[in-house]
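Visitor: Reproduced below are the annotations present in Swiss-Prot:
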{"type": "BINDING", "residues": "Arg129, Arg169, Gly175, Gly176, Arg208, Ile210, Glu215, Gly241, Val242, His243, Gln284, Glu298", "note": "ATP 1 binding site"}
{"type": "BINDING", "residues": "Gln284, Glu298", "note": "Mn(2+) 1 binding site"}
{"type": "BINDING", "residues": "Gln284, Glu298", "note": "Mg(2+) 1 binding site"}
{"type": "BINDING", "residues": "Glu298, Asn300", "note": "Mg(2+) 2 binding site"}
{"type": "BINDING", "residues": "Glu298, Asn300", "note": "Mn(2+) 2 binding site"}
{"type": "BINDING", "residues": "Arg707, His746, Leu748, Glu752, Gly777, Ile778, His779, Ser780, Gln820, Glu832", "note": "ATP 2 binding site"}
{"type": "BINDING", "residues": "Gln820, Glu832", "note": "Mn(2+) 3 binding site"}
{"type": "BINDING", "residues": "Gln820, Glu832", "note": "Mg(2+) 3 binding site"}
{"type": "BINDING", "residues": "Glu832, Asn834", "note": "Mg(2+) 4 binding site"}
{"type": "BINDING", "residues": "Glu832, Asn834", "note": "Mn(2+) 4 binding site"}
{"type": "DOMAIN", "residues": "133-327", "note": "domain 'ATP-grasp 1'"}
{"type": "DOMAIN", "residues": "671-861", "note": "domain 'ATP-grasp 2'"}
{"type": "DOMAIN", "residues": "930-1060", "note": "domain 'MGS-like'"}
{"type": "REGION", "residues": "402-546", "note": "region 'Oligomerization domain'"}
{"type": "REGION", "residues": "547-929", "note": "region 'Carbamoyl phosphate synthetic domain'"}
Amino acid sequence: MPKRQDIHKILVIGSGPIIIGQAAEFDYSGTQACLALREEGYEVVLVNSNPATIMTDTEIADRVYIEPLTVEFVSQILRKELPDAILPTIGGQIGLNLAMKLSNTGILDELGIELLGTKLTAIDQAEDRELFKNLMQKLHEPVPESAIANNIEEAQQFADKIGFPVIIRPAFTMGGTGGGIANNEKELAEIAENGLNLSPVTQVLVERSIAGYKEVEFEVMRDAADSAIVVCNMENFDPVGVHTGDSMVFAPTQTLTDKEVQMLRDAALKIIRALKIEGGCNVQFALDRNSFKYYVIEVNPRVSRSSALASKATGYPIAKMAAKIAVGLHLDEIKNPVTKKTWAEFEPALDYVVTKLPRFPFDKFENGDRTLGTQMKATGEVMAIGRTLEESLLKAVRSLEVGLIHPERPAFAKLSDDELSKQIIQANDERLFYLAEAFRRDYTIEEVAELSKMNPFFLDKIKHIVELERELAAHKADLGLLAEVKRYGFADEEIAKLWGLHADQVRQMRKEQKILPVYKMVDTCAGEFASDTPYYYSTYESSTESVKSDKPSVLVIGSGPIRIGQGVEFDYATVHSVKAIQKAGYEAIIMNSNPETVSTDFSIADKLYFEPLTLEDVLNVIDLEQPEGVIVQFGGQTAINLAEPLANRGIKILGTSVEDLNRAEDRDLFDQVIKSLKLPQPEGGTATDKAGALAVADKIGYPVLVRPSYVLGGRAMEIVHDATELDNYIDRAVSVSHDHPVLIDHYLVGKECEVDCISDGDTVVLPGIMEHIERAGIHSGDSMAVYPPQTFSQDIIDQITDATIKLSRTLNCIGLMNVQFIIHAGKAYVIEVNPRASRTVPFLSKVTNIKLAQVATLAILGLSLKEQGFETGLLPNQSGIHVKSPVFSFSKLNHVDSLLGPEMKSTGEVMGSDTTLAKALYKAFEAAGMHLPQFGRALITVKDADKAEATALAKRFREVGYQLVATSGTAKAFEKTGITVSTIEKLDSGQETILEDIANRKIQLVINTMSADKKVSSDGFRIREAAIEHGVPLMTSLDTAGAILKVLELQAFSISPIKS
């Protein structure tokens, strides 16, 4: 059937900010879908709240709205735009839930708007746990014994009937949010309460636990003519019980027989047909290891994390195809854009093994609960491709960027056998490394399988890697063995370690012996048809499929997996850099390892290498491609860390030179730059040991800000108030950055701001200045930022502009540079310079309408800023007021303190724009999911230093209609100024009233600035944890509370009696 002619304008709903469970895969799928619809001639209107995405660029849709994804705002857009249809299936769970809510309000019927792709009845049947169970029973597809519960009592009754353990799955949530495995009544009550709170329909499914079964996923597509295909099947390394987003995943399935694959394939196709899904869908199965018994776990009736992985694993662009199916095209009418010869109805075939590894945030949250279960905890993921499972797995481990090039944590060698066994039994984020350690101690496969409940096939592969390590250690410089271990994915650095050499010597040895990688193409058809996709992976075989072109090329290093501190913002900059390289007439080559992102879409660069971002892997690509140079400034710290080792090996780094990068990153060199320019800077110093650190702090006076050098996202950065705290900090955190000293600065209290500038070595352009709402001491990535600044005098703006231009010129910056300032006593103090793209580049690009990364790339490639139409200085402010607000994922992680400080904790961002600051703030809070009640009870408990300021805020909260509750010290301060307040006992008095009131929704807002006691048992920590667990808005900064008051005051009308 040809595409539909009766619809012309389509509204696409994006997926909002990046949170755990919903990451960059939706930027990738959303971008693909919008472009596919435009390709077919439709007018596309996009709404999304996340400015850090390619999807929200003006070229992606005909009109782009960066607005909160709420019924209130999207309804406004629907009334204004009057689209014919909505495509809700590519915005993740957020998009689906919003479509359901809009439908329930009646606005879609009122305006005659239809939903494309998957119908609401299908979404309901797949997402509503009871309807899904009924459908499966009708199809005779087995599901685990289960019951629907709408309250805790119902959940307990069913658990008593079938016995523990049970799995709890909330309805209409994503990433397993609110779910878990309960082993007893206490755990059941906790998980069920949380799940009911987080489910938008207050419903959970309680089911018999089938933990231990194999978990298998099928990615399927169907069109309106009922043609259906399997795009990819995948098998989880972890058995059922660990969320698939937190499990290692292999594609295609590795341990299933043909009969099992066909059985599950038939079931998946039967389910997608019964649901009448038009587009992509993900079906998850649990398969018994010892029989042909299986259960259907769940169905996602939309584009998902797994479909992004399947797209990159096979080269088959699922979201693009789903969008075309949604407008009526059939699979046999759509060309496969990879081969450009076959049709989309051909099922992809793989002649390689793909491994996906999750990337967890526990390097940021040392106290976090690392146990893995049905609720997802990973922030991102990496993918690697190899010809053997071992090669694919080892490449994935190097891609993770957790300081390892091989599955070996040296510290684990010190564990006792009991401790090691305990870690293997319990699924956690480092289980792979514990399993490898067990084989190094000669545990048998049977012993490890018994402890871990893992499939012996996978354990055998890990054991094989350990056996090869032993072979290497026993046969130093054996060239035959060298060729063999390279085929199994061993890194030069690991071989060098076992042979007592330097990695460069192993590399040299390989080159002399012609043991070199070749590059194979990902072509969707296992080489059956000729393909011209420029999408490659390395392996050690004989023939290569990647041929260097005659055109001069530039290599851009991507930013690797998404993690806290290095998010999708850097992928955004990478993609824009590629566009500019192509505009300048060069061939653009990308190297990256992240399957979720737009940069690894095969249609973006002229060539894509899906490879780990390590020195060895990058040098291998450079050897083949011989680029004019390498651009590192858009890939975050991942790429910057490669600059020096590449330059040392004679590779040309384009943009700011390595020497100048070092002058900005090395503390002593940077101090010299600041002194030579006579710029104000907080007093500080460096130390390489504890005694030196204590001496520096003593000299400059407490409080001090301490951090290691060369880090991103404020890793291991803290504000320290006395010598004891400093002593503790050095014992805990200083090993974070080997070879680099600790930096210690006097901590100034003041307004913070930052600026991104572009320079060509002469002209320096400042597109805009962003003022932070939270004062200095909270990481810039966790602060709300406002453009243009609202409270700075012209004198301060001039100081910032002047200092930025001087710094840029002195550091010989070519490309982008980010500078952060504290405004203290009328002076702009420089606190940090980052000579690269920062995480504010997308936000600033959107609000100033200047594509910063493209302008910077053209400058790097030699097109001066004057030729691009720019002069030195700060550009005039654009219209409107724009607020960038951080978004956190604390509700997904247990035992993680939400108190904000100098170490970054947010996973994503949203933007609110309007004509006044209060309105822009309101939109930013709504977009970030912080829905503020206009009245209620506010619990305020603050440290002594904040009491005066908190009193002024408390008065304003009373005026807008809030009742106040405070702990005794804070309450006394309020009562002194005549504020009405109820006193509540502190937790250490043995009373739990505070926590009970939060749990029972008797508190609508919590403001808590109690000290960052590292103890998880402290009062402040427990209050903050309770607020997050029960979804009560929580502020840990008085500045954020002040911003919220601006919004509440905007909404409140003044009421006062008439004067007598």
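Cβ atoms are placed via backbone N, Cα and C, with glycine included.
Fair warning: this is a prediction, and the values are worked out from it, not measured in the lab.
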Visitor: Give the sequence-ordered list of residues that share a chain with Asn834 (Mg(2+) 4 binding site), lie 6 or more positions from it, and have CB atoms under 8 Å from its CB.
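Guide: Non-local contacts for Asn834 (Mg(2+) 4 binding site): Ala664, Met817, Asn818, Val819.
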Visitor: Give the residue counts of the domain 'MGS-like' (930-1060) per reduced DSSP state, in the order helix, strand, coil.
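Guide: Grouping H, G, I as helix and E, B as strand yields 60 helix, 21 strand, 50 coil.
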Visitor: Could you tell me the C-alpha distance between Arg208 (ATP 1 binding site) and Gln820 (ATP 2 binding site) in angstrom, no decimals?
Guide: 53
Visitor: Could you find out if DSSP has Arg129 (ATP 1 binding site) as helix, strand or coil?
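Guide: Looking at the DSSP assignment, Arg129 (ATP 1 binding site) belongs to a helix.
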Visitor: I'd like to know which of the binding-site residues Arg129, Gln284, Arg707, Gly777, His779, Gln820 sit within 10 A of Asn300 (Mg(2+) 2 binding site) at the Cα level.
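Guide: So the list is Gln284.
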Visitor: Out of Glu215, Val242, Gln284, Glu298, the binding-site residues in the record, which is closest to Gly777 (ATP 2 binding site) when you go by Cα distance?
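Guide: With Cα distances computed to Gly777 (ATP 2 binding site), the winner among Glu215, Val242, Gln284, Glu298 is Val242.
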Visitor: Hey, what's the widest CA-to-CA gap across Arg707, His746, Leu748, Glu752, Gly777, Ile778, His779, Ser780, Gln820, Glu832, the ATP 2 contacts in the record, in Å?
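Guide: Across Arg707, His746, Leu748, Glu752, Gly777, Ile778, His779, Ser780, Gln820, Glu832, the widest Cα separation comes out at 18 Å.
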Visitor: Over all shown protein chains, what is the count of other CB atoms within 10 A of the CB belonging to Glu215 (ATP 1 binding site)?
Guide: 24
Visitor: State the count of C-beta atoms found within 10 angstroms of the C-beta of Val242 (ATP 1 binding site), not counting that atom itself.
Guide: 25
Visitor: Closest of the binding-site residues to Gln820 (ATP 2 binding site), Cα to Cα, picking from Arg129, Glu215, Val242, Glu298, Glu832?
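Guide: Ranked by Cα distance from Gln820 (ATP 2 binding site), first place goes to Glu832.
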Visitor: Report, as a single number, how many Cβ atoms besides its own are within 10 Å of the Cβ of Gln820 (ATP 2 binding site).
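Guide: That number is 19.
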Visitor: Glu298 (Mn(2+) 1 binding site): which of the binding-site residues Glu215, Val242, His779 have a C-alpha within 10 angstroms of it?
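Guide: Among Glu215, Val242, His779, not one has a Cα sitting within 10 Å of that of Glu298 (Mn(2+) 1 binding site).
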Visitor: Taking Cα atoms as reference points, which of the binding-site residues Arg707, Leu748, His779, Glu832 is nearest to Arg129 (ATP 1 binding site)?
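Guide: Sorting the binding-site residues by distance from Arg129 (ATP 1 binding site), the top entry is His779.
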Visitor: What does DSSP assign Glu298 (Mn(2+) 1 binding site), in three states?
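Guide: Once the DSSP labels are grouped into three classes, Glu298 (Mn(2+) 1 binding site) ends up as strand.
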Visitor: Which one is it, among the binding-site residues Arg707, Leu748, His779, Glu832, that lies nearest to Glu215 (ATP 1 binding site) by Cα separation?
Guide: His779
